[in-house]
Amino acid sequence: MSQLRLLPSRLGVQAARLLAAHDVPVFGWRSRSSGPPATFPSSKGGGGSSYMEEMYFAWLENPQSVHKSWDSFFREASEEAFSGSAQPRPPSVVHESRSAVSSRTKTSKLVEDHLAVQSLIRAYQIRGHHVAQLDPLGILDADLDSFVPSDLITTIDKLAFYDLQEADLDKEFQLPTTTFIGGSENTLSLREIIRRLENTYCQHIGLEFMFINDVEQCQWIRQKFETPGVMQFSSEEKRTLLARLVRSMRFEDFLARKWSSEKRFGLEGCEVMIPALKTIIDKSSEMGIENVILGMPHRGRLNVLANVIRKDLEQIFCQFDPKLEAADEGSGDVKYHLGMYHERINRVTNRNITLSLVANPSHLEAVDPVVQGKTKAEQFYRGDAQGKKVMSILVHGDAAFAGQGVVYETFHLSDLPSYTTNGTVHVVVNNQIGFTTDPRMARSSPYPTDVARVVNAPIFHVNADDPEAVIYVCSVAAEWRNTFNKDVVVDLVCYRRRGHNEMDEPMFTQPLMYKQIHRQVPVLKKYADKLIAEGTVTLQEFEEEIAKYDRICEEAYGRSKDKKILHIKHWLDSPWPGFFNVDGEPKSMTCPATGIPEDMLTHIGSVASSVPLEDFKIHTGLSRILRGRADMTKNRTVDWALAEYMAFGSLLKEGIHVRLSGQDVERGTFSHRHHVLHDQEVDRRTCVPMNHLWPDQAPYTVCNSSLSEYGVLGFELGYAMASPNALVLWEAQFGDFHNTAQCIIDQFISTGQAKWVRHNGIVLLLPHGMEGMGPEHSSARPERFLQMSNDDSDAYPAFTKDFEVSQLYDCNWIVVNCSTPANYFHVLRRQILLPFRKPLIIFTPKSLLRHPEAKSSFDQMVSGTSFQRVIPEDGAAARAPEQVQRLIFCTGKVYYDLVKERSSQDLEEKVAITRLEQISPFPFDLIKQEAEKYPGAELAWCQEEHKNMGYYDYISPRFMTILRRARPIWYVGRDPAAAPATGNRNTHLVSLKKFLDTAFNLQAFEGKTF
């Protein structure tokens, strides 16, 4: 028996040629009806021999359990393996007569030939795309490599690779179950096999899918592309495709004629993208999709707005008129960044469909996670857990798709439970150039689409000058997404007829490419000639179609001349019906009190300190935390975590969906939140008590994110776009790390309303505080947020009745640094109770989470209470303000350091401390009151951050404005520095003591000039 166990390795000697380089599908031992066949991987990893062992041991048990060809193969091989051996042959091996030797040799040859053919088929399935004719210009291989895989039969002599000869070309071979090239036939000649493989894998479509580790999915793709005759189109479908190409090309031609010197980033060279997108939408609509959310860069955007979203042409043409005055607030944006929302009938399916094109900046690919977040939210509000009603399409450029890291971050959100959108169709406009950069200098991978392999997304490369191939690929892509709820990539290999923009000269850097482009016949003419030649349309019908669309454009151009005002709100990508009045203004300019009834506080506190599920064992450390919450609730106090719990819980009671996302937010970076409880005895059994507060509450979502800031913050921003009736929060692990999402903050959050008239109520929770933890765990960079705040430091405001709310409405975002749990509770609730939405930036504490003094009473949170923009001094100094020698203004955690130091120096009557809770927009009215309350006091601003950071540069000119420059505001804090904080604990404490000494040295500023 030991000899038998060695036999597979001896068999491998005979089969080595067939197994050495490829995965070889199983030959004919399972019927087509029995499901996908087994396969075994390359022998380099040992998988080939493992498979052969399985087959061999199955044969040992029962020779009839394997195909007869394997039976013959093993019989012959076992005889050879034991030839010359003194040991007896195994009883399971039947002796054959000498006359059968010739038959055995023929059988062995037959098996080897069939295995060779299967290897050949698999070679085309894996590597055929390398030699596909993808470049419309015929210059480059799309994979940047002219190497032709040795196992593809590009010439007759390549047959020798498989030990086949030219004489074998007309032999019939049994087809394996891993191919559909035979259609209804089970055998084909080798010549026909190669021809069909060439037609499927090496023409205008290149398929990358064999890396997918799911046999069913691979079989699905093979069937869609290999089955003979699958790419057949009716005359009506061809005419529709031609009409869409006409619209795509003539739109660009019209803009070029009317505004030849304007930048528009036209689609010339990839006009087929318009029918491609429309096909994806048509097919998806047919399968039940009702809402499609698109994201794309500038290239071809106006064409998509006109011919896919169906924006009124006159409104597009108005964007080219420099004399029109913008009617809406804000600064606006260039025309090729604008978004759009439109509900219409899909004429192909006669079904309603909503199309949204999300506005985006010039920062390529930044819109990707935003689109995904908006899509996820729309699915959530519709109860569309499987993504059968709402989907997303992302259009990319080849250079950006390969070069921008946010693409990778977004892909890795695609299958996370709280972030999946159940599949996205990605369309890459691969014009084989990035501005002036050659692809060889722009990426290290063969294709720009290789990043999609990380999520097992199939990649369909297609020559954009073959419109029918493009349309078929897009139809399959839509079906794939609907069938498997996974991402798919369509790579439109095309060219860029003009420079990067219409004013750019590409011949400087790509002379040979552009010489070929100038000779290139436009795809519309190519396809029209084809249809005319085959009789699908006549020349007259084609010319009439062109004239018809030209007339539509001219008429719209005429109407655009009558426009007097440019309305940015016509380009809103995420309207909130019913939230604003008909003019898009808030329905009021007031905000109700944010406190809640005490019985609600008590109820939420009770749930927060318990486990709603039976037989659920929690960690003993967590039990102590819950007991602590119960004690606080009993004593009518809250700490930071409990205040947050009560804010969230009360909003859920009011029907407001709350979503908290970020790294480690379920537990909390500082182990303070614990919104998800884990059973200590049952793996993966969890409980979210917040979802057990009320029978009819809104759902609460708390989800740990991937270790990404850029992608995840963009996702949450998009999520917040979908509805104003949700509190969407993103928490950084430490505030320092938000700068890896700086693009989202700069291009979307701080400027989104000004550019795109888009309100957004996203909340950023940024842990911040100087505690000796080093330069990367200390600062959320408040100075940067304040620098981007748009309130005027030099304008003395008019203190009207609605000043507080009007000031919030006029700002671009709200920046706060709360020093009490109660104020944190109120600012979260105010975010929803305001009659409009603004981004909210909160610098949250770390050490204050457990600080014994950082607690609030229920009295500060009950009905009738509200957020305090400024918390004034309420101690001895406030009772005798005329005796106060110094009034210190501060914000955040440093307040507790100041109070402790003041107490140690017994200066409660001489030094008053006022906390600035809302930093921007600046509370001019309350600061004025506080300063006037202490007329004889020096004014000082104290911060724990370095002087060139923190808040001083922001507050100083505003103090000067409100005080009419009558009194200086002195600086107390750390000296200027390059790094936000020291990494040395001792240095931290020394610098802390130094500025605290200055704060309470009442002679510190004598003799100094401001």
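Positions of Cβ are set from backbone N, Cα and C atoms, glycine also.
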Can you find which of Asp384, Asp398, Asp465, Asp466 Swiss-Prot lists as binding Mg(2+) at the same site as Asn431, Ile433? Asp398
Figure out which of Arg299, Arg301, Arg758 sits with Asp398, Asn431, Ile433, Gln663 in the thiamine diphosphate site per Swiss-Prot. Arg299
From 81-100, 581-600, 901-920, which range did Swiss-Prot mark with region 'Disordered'? 81-100
Asp145 (Ca(2+) binding site) to Gln663 (thiamine diphosphate binding site): how many Å between their Cα atoms? 40
Enter the number of other CB atoms within 10 angstroms of the CB of Gln663 (thiamine diphosphate binding site). 18
Which number gives the other C-beta atoms within 10 angstroms of the C-beta of Ile433 (thiamine diphosphate binding site), all protein chains shown included? 22
Cα-Cα, Asp398 (thiamine diphosphate binding site) versus Asp143 (Ca(2+) binding site), nearest Å, comes out at 12
Select one residue from Asp145, Asp398: among these binding-site residues, choose the one with the most other Cβ atoms within 10 Å of its Cβ. Asp398
Asp143, Asn431 as binding-site residues, winner by CB count within 10 A: Asn431
Quick check on the binding-site residues His130, Arg299: which one has the highest count of other Cβ atoms within 10 Å of its Cβ? Arg299
